[in-house]
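If you check Swiss-Prot, you get these features:
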| type | residues | note |
| --- | --- | --- |
| BINDING | CYS40, CYS45, CYS51, SER280 | [4Fe-4S] cluster 1 binding site |
| BINDING | CYS67, CYS71, CYS74 | [4Fe-4S] cluster 2 binding site |
| DOMAIN | 53-269 | domain 'Radical SAM core' |
Amino acid sequence: MAKKDEHLRKPEWLKIKLNTNENYTGLKKLMRENNLHTVCEEAKCPNIHECWAVRRTATFMILGSVCTRACRFCAVKTGLPTELDLQEPERVADSVALMNLKHAVITAVARDDQKDGGAGVFAETVRAIRRKSPFTTIEVLPSDMGGNYDNLKTLMDTRPDILNHNIETVRRLTPRVRARATYDRSLEFLRRAKEMQPDIPTKSSIMIGLGETKEEIIEVMDDLLANNVDIMAIGQYLQPSKKHLKVQKYYHPDEFAELKEIAMQKGFSHCEAGPLVRSSYHADEQVNEASKKRQAQA
């Protein structure tokens, strides 16, 4: 664990091999031309080159690029957001179709300034992608929408392939890590989503390295399973800037492998766990695995 004013040295296993090809450069050019945002870029995701260049998957960030919250782990800009762009859903869908994406993840900044939390634009984005790229699987990754479950229903009625909502950290650290969200509200959000559409897989992820214990990580697993979450992702927290929370521990890949084994033994249909794993990492594979498990249980 890091001492109060100590910065840990980043270990060798966190060095990233950069892959760039026409998929990567084409998608990046398309984003700029269409005034679109991706969480891959805004949140400084370490897997952007693999996802864009190799796997042909991308995570679009809608509802603008400014978040109304200021979570202490997140690199996305915060402040007063711009007005909603009602043409954004069509531009996202056009980009998905043009790039022939296998899997599209749609996330958003938190829009606590909007009565519907942005659910209307979220839902229209899903519908637009369905029209223009019917073979692309769609994962939605909303905020907790302030715990308004009518807004969640608006989104779930579009029947995405996966509903993803991140609990982010263990119960004890939640007030410090994301002060404007609550651990139990995230669990309730996931439970309600499954109740609304029981056949749609649900997913959640946590970052580790913020000072949690192994027992607390396992408690998160149990809490997610108790609320019928199918898929879990576990990744290393990386400090985006000096103003964000410091890394307290860098977990070894072997520790991630052990956590994945525990999660699978407990009953998740899929668990991604590794130093560079993020919420949408290998998301295209998770759709297929969750579908196979549901078919086997039918």
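Even glycines carry a Cβ here, placed using N, Cα and C.
Annotation note: SER280 ([4Fe-4S] cluster 1 binding site) sits in a coil segment as assigned by DSSP. All protein chains shown were included, and the count of other CB atoms within 10 Å of the CB of SER280 ([4Fe-4S] cluster 1 binding site) stands at 28. On the 0 to 100 pLDDT scale, the model's mean across the domain 'Radical SAM core' (53-269) is 89.
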